[in-house]
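Enquirer: Can you read through this structure? Questions will come right after.
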Amino acid sequence: MIEVNNLTKEFSNKKGLFDVDFKVEKGQIFGYLGPNGAGKSTTIRHLLGYVKPQKGQAKINGFDCWSESEKIHGQLGYIPGEIAFVEGMSAVDFLNLMSGMRGTKSNEKRNELIARFDLDIKTPVRKMSKGMKQKLAIISAFMHDPEVIILDEPSSGLDPLMQREFVDLLHEEKKKGKTILISSHIFSELEDTADIIAIIRHGKLIKTQDVHTLREEMAKNIYEVEFQNQEDVHSLMNSDLAISNHEGNKATISVDRDVNEIFKYLSRYKIKKFDVPKQRLEDIFMKYYNDKEEHL
Amino acid sequence: MNLALYKAMMKSHSKLLITYSCSVFLYLYLLVMTFPMFAESQQLNDVLKGLPESVQVAFGIQGNLSNVNDYMAMNFYNSLYLYILMAYAILTAIQLVSRFVDRGSMAYLLSSPVSRVQVINTQAMVLITGLFVVNLFTYFGGYLGVLSFTDKNGFDMSIFTQMNLIVMLIFLVISAYSFLFSCLFNEEKLAMGASFGITILFYSLDLASKLSEEIDWLKYFTIFSLYQPQKISQGDYNVLSTSMILSIVAIVLFILSASLFKRRDLTL
Ligand SMILES: Nc1ncnc2c1ncn2[C@@H]1O[C@H](COP(=O)(O)OP(=O)(O)OP(=O)(O)O)[C@@H](O)[C@H]1O
Ligand SMILES: [Mg+2]
């Protein structure tokens, strides 16, 4: 479990984090969304114990991230935002080093991951492509089967196939009851994985949204219907259908009952065009990115 | 101290270490080979003796070229070896911490259950090991040279050992303060600049204090004034207490490095 309470860190340039508050439960994937420079990596540095909070606290599994980080790190998998491996090592040397420092006994999961992500571990890190480095980072973050997984923009550089594989891996880990935090500045990276999405801007959390309820809400769809004759819209208005909007020969009908009933009613009229506008999750979140801009 | 980290660090450091070690070994070994030639050349000795006293003192050439201990001290320990060790000690100290912080790879080391203090202590052990190995190769290079090329009569093993010990401990202190800078600064360049800056300052103070009687009090402000192969060879150098003081200073600096590093904010 990850807990961040009133976390505040102000840098000399007035940027930083201000009263950031959130919680990630076991078996949950927390999507941490925000534009460049919002403070995602700064929050994660607190979780890793690299920086000391000015105010507030970050805790993982009940331990303080700054003062008790050694107790946390045995059960922690981490992918840094800017991946820099130890220089002059091959991938296998690097993985051995991490296993050694963690005291990992079994190589079973590691070999499984290497096969799954199809990585040639003999390659010196220096000669790896961006995607290969990303795979190596993923393997090193998951190979010791950690309870808590923190990923700072993990899927940049992966091709769509590997991205798919990675999303699958996240779902498997989630099912096993892991606590997962993923940061990203693009919504689509989180869309398939996150249970909760929190949006951060200028160091402040501006919205925390449960993705599942959001999806349910959005599932209550609307139909946009364009009729041949404008009079039909008027007669529709007199019916008990829920018309949320109308203009000329177009009407927007909320789907508030059995779909068949609505169709039975509509079948009386000559219809020119019928549309189920798809509201995309991304648009909703985009709104927050932009909305706040105007307020500032 | 973490064994897995130590092994990995030694492995990635080994190429540099082997290069340095072999170079100093070969250089000193071959230098001793030229000793019999110079020892017999009274002319060169006379030229050196003709130099002003203060210049002789400053550059450590007031010894006797016909003694192999002095010969090595003058032609290697007092010149090239100092620069080689300066470069090795500082570059290695900077590479072991500051570079990892600057490039971000420290993030990986610190994301493991090994604590910050343990990571720093391990890196310090790598630095100490490296310094020891370079000095050991020098020691054997000189010793083997003496065995191979001289008649050994003028060679004093105990003085040679003491000289090597003092050099190593002086550079242990230099490594230690460079390591401290390495632990304190975010930027590799800054840490390197500070370490070289201070070391070169110490070296210049030492030269200045020897060149002029009036400013010879400068010797109290530089570690290089402790390095006096002549005095060691004449037996009026307190090797034991100097070694103890140097070791204690180095240990304090290493402990300070770890404890300051532990408290630092790291932008990784
Ligand atoms: N040590 C520091 N000193 C001063 N400013 C800092 C420091 N660390 C971060 N910042 C500033 O704090 C802000 C947040 O940075 P952070 O790296 O957390 O952003 P981010 O959300 O991870 O962005 P990105 O999506 O680009 O990775 C930035 O404006 C950055 O310049
Ligand atoms: Mg970031």
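Every residue gets a Cβ built from N, Cα and C, even glycine.
Straight out of TrEMBL:
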type: TRANSMEM; residues: B:16-39; note: transmembrane segment
type: TRANSMEM; residues: B:80-101; note: transmembrane segment
type: TRANSMEM; residues: B:122-145; note: transmembrane segment
type: TRANSMEM; residues: B:165-185; note: transmembrane segment
type: TRANSMEM; residues: B:190-208; note: transmembrane segment
type: TRANSMEM; residues: B:239-261; note: transmembrane segment
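Map these features onto the structure and tell me what's around them.
Expert: Here the transmembrane segment (B:80-101) has Cβ contacts under 8 Å with residues 9, 13, 16, 20, 23-24, 27-28, 109, 120, 123-124, 126-127, 130-131, 134, 138, 167, 171, 174-175, 178-179, 181-183, 185-188, 191-192, 195-196, 199, 203, 224, 227, 257, 261, 266, 268 of the same chain, all six or more residues outside its ends.
For the transmembrane segment (B:122-145), the residues of the chain that approach it from at least six positions outside its boundaries are 1-2, 5-6, 9-10, 13, 17, 20-22, 24-33, 35, 72, 76, 81, 85, 88-89, 92-93, 96-97, 114, 157, 160-161, 164, 167-168, 171-172, 175, 179, 254, 257-258, judged by C-beta separation under 8 angstroms.
Residues 77, 81, 85-86, 89-90, 92-94, 96-98, 120, 123-124, 127-128, 131-132, 135, 191, 194-195, 198-199, 223-224, 226-227, 232, 237, 239, 242-243, 246-247, 249-250, 253-254, 256-258, 260-261, 264 of the same chain lie 6+ residues outside the transmembrane segment (B:165-185) yet bring a C-beta within less than 8 angstroms of a C-beta in it.
Outside the transmembrane segment (B:190-208), and at least 6 residues removed from its termini, the chain residues within Cβ reach (under 8 Å) are 58, 82, 86, 90-91, 93-94, 97-98, 174, 177-178, 181-182, 184, 215, 218-219, 221-225, 227.
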